[in-house]
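If you check Swiss-Prot, you get these features:
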- 16-36: transmembrane segment (TRANSMEM)
- 46-66: transmembrane segment (TRANSMEM)
- 84-104: transmembrane segment (TRANSMEM)
- 143-163: transmembrane segment (TRANSMEM)
- 180-200: transmembrane segment (TRANSMEM)
- 219-239: transmembrane segment (TRANSMEM)
- 300-320: transmembrane segment (TRANSMEM)
- 332-352: transmembrane segment (TRANSMEM)
């Protein structure tokens, strides 16, 4: 009986809500740091192990996901997807730009176990570009060992295009390997509550409860930027497309897609909800049946915001100077990173080291930033997914309605 009860408890823990478990880990970590500082410092090992597991799996994850995605790409998508695809990419880049502006206006400070003396910052945009180019020609094994994400991306894209000409058995093998790595990532992330318990306990024990205010400020910047994009930037893009008041459509998408996505925390899981909303809005089925799954893959405004804000928070904490051209380049890199963040729990967080590489921030410190992202992830990930998923429907509806009006006007003229 005792064994059955224990196995039942483990099953509930494994299949339970990760959000609730992370909340419990946060609360327990705060309580332990308040009750016993030595005990809180001791359980910091749990957080160290969690961050180490993330560092181990992240480079392989990026390589396999990108390679499998390109190798298994299907040709022959309809040409009327192009306006929606353009909106997706423009929206993601606009979100990254907004995040840069927010981060400079309201700089956040993180508590990292390193000082600016450990960092050799680039002197300007030329050195940043030189570093990026040199990273691109890195040996693939060396790139994986040293977490050189630029080099990993280049090899993943190159191998992906090469494997397009391979037979189906090879493509299936690559896809299966990608699924296996994704499973390992999900397994690691199931330990997030325990890791966060250790991280919060040790952080509060060593730095004090003032750290919570630093995370609160970071959350306000992140969520404030996402609200700016959802309520100002996206409506402007929709108005540019449909030339009328965009807010009825914006609020409908936030209400009927964003709310669901906030709680599911998965763009993929929200695809049926978005499909039903598109049908309710009388959109073209041939269009939204392609654009909604496509949006769940590449339309990642929330991820671009997360990557940009957390990267610039690390840069500000370490005292690394950032000029305007470098900030603009970060917006481009964050947009590209965001497009690769789909389908993985915590995907946007695991791509932060790629953006941090631009500023000479080592992988060890970048993964501490990822750990901070997991601590605030209860709200950050929910808001990010709500923005991402609701924008899928919003831009699809805007493009479809603009096309319908164009056809109607042409019919009237003729």
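Cβ coordinates are placed from backbone N, Cα and C, and glycine is handled just like the others.
Taking pairs at least six residues apart, the transmembrane segment (46-66) and the transmembrane segment (219-239) share fewer than three Cβ pairs below 8 Å and do not count as touching.
With respect to Cβ pairs under 8 Å, the transmembrane segment (84-104) is most closely packed against 219-239, considering the stretches 16-36, 180-200, 219-239. Using a Cβ-Cβ cut-off under 8 Å and counting only residues 6 or more beyond its ends in the same chain, the transmembrane segment (16-36) has close neighbours at 43, 189-190, 192-205, 209, 212, 265, 345, 374-375, 377-378, 382.
Packing against the transmembrane segment (219-239) from elsewhere in the chain are residues 87, 90-91, 94-95, 98-99, 102-103, 106, 108, 245-247, 249-250, 254, 258, 301-302, 305-306, 309, 313, 376, 379-380, 383-384, 387, 390-391, 394-395, 398: each is 6 or more residues past its ends and has a CB under 8 Å from a CB in it.
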